[in-house]
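Written out below as structure tokens is the structure these notes cover.
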């Protein structure tokens, strides 16, 4: 069911990609004659070719109303487009497309040859006289009827990167749409891969956040960063393919802000490592080093947020031109710091450090392969395999996915360790509670023995001495009234001696210690039946072996206390005690037909010794229930799991 919850999102995403790709291919086939893109050996310019001092040959026109010339000025490639709208009635929409360019500046000249602030006649997206076209985007503008415009494009090579630059071209609007649809179709498998990987990153990080959010774990900031990065990637890819104009105006800032993104990511990594590896406890010196690096990442993050807008406002081209090598060096430095921390942790055999080492090595490998593709990749292949293999960001997101997988395994292992520790602590606490309860019950047993002995030896001897002293009196010398009083005193002393003997015996009968619980309860109820107030009926079934002495004593004490409560408060004529072994449990059931009591009153928990009953039941791991209604008697039920009983 969890799969079907997310399945519609993925199915619809893939269907949209497939349908868009199919329709793009159909429109491309139908619009071949309208395409303004011209591709031959001269339409691909590499970084090496851009540095050649010789002037490049003149290009053939891409369409009837456009002439393209390119001129070389040092290492900068200049292209001049003369755009003309021959119609005297209709506005013509043109699109400048530069392909994958690290830096491209566009200058628009008016009739006098001077740069103008905006394209004449308005544009689909206004742009100034000097405009930075983001990587892979087309820049539309409009020509009024009969209008001429001259566009100058300045291309800077990508420094030491070979991007396989495509010659910028001037499209008609319909031709540009057909070209983009065809490009969308050719890159459909790349988009599916992006959808799968980025979707996995987003849903995986979101699931981790929802699953562990209640723990208030600082390590979860890593997953918050992954979710944020995934959302940015979705916006970037959607904008790249759909050219959402409101986003396109800000896309070039995304690259410049990667300084902040990388420093923030490194800080998240280090915080994640510090939390999961317990560096504060396991490696204090390494913990202090990690905190210093986290503070450094925070400072760089704040400075980059403040400094980047200044660079962009001064010159977007300068950010793009100088940003790539600086960003690469900055990323390598941060990766080295994180790897150093993980390497030291792994060297010290800290738990879970192996997961982090493997994860960081995988993402580092992804960065290295990405840089290798940027250096030596060839983007001219048209097959799906060639597009996948020659797209640098593929290796980066695969490295991020592998890293998050390793980090998630580490988080899962840490969660299991915490769960095992929690269970061990609970078991230890239960063991200590059981030992304390056993010690308490043992003390109570010894105290009962002592009190029984004191009753028998001290109070019993005193009562016997009183009785002997009274017998030494000559009753015949007493008058009638005194003889009556004498006989009453003798009877009372005899009854006191008998009750004292029963009380001492019932507190810890010999039958309980020698013959077990059944014999002890039989003797107890036989003695209680002598009072002729309440008759107790004892039934037993299924109990074939003796229990451990402590359990037998606890059950006997519970039965004794309930029976005494019946005698004191119930005013019952009959009570039943059942001891039955069934369904893997031992059931002690005591019922009476007395006056009962109100369960809602305070006595339901605290009166008549019920609190003590619950404590004794808890010591056995048993379930004790008490039911009573005024005038309907009461029922005490105790279920003891046989698993906690140990045969003596």
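Every residue gets a Cβ built from N, Cα and C, even glycine.
Cross-referencing 164-188, 189-213, 414-438 with TrEMBL places the feature transmembrane segment at 189-213. Cross-referencing 73-96, 97-120, 121-144, 289-312 with TrEMBL places the feature transmembrane segment at 289-312.
Summarised by DSSP class, the composition of the domain 'Histidine kinase/HSP90-like ATPase' (554-642) is 34 helix, 31 strand, 24 coil.
Mean per-residue pLDDT, taken over the domain '7TM-DISM receptor extracellular' (192-414), amounts to 73.
With a threshold of 8 Å between CB atoms, the same-chain residues lying at least 6 positions outside the transmembrane segment (394-412) that come near it are 190, 193-194, 197-198, 200-201, 204-205, 208, 212, 219, 222, 226, 229, 233, 272, 276, 352, 355-356, 358-360, 362-367, 369-370, 373, 388.
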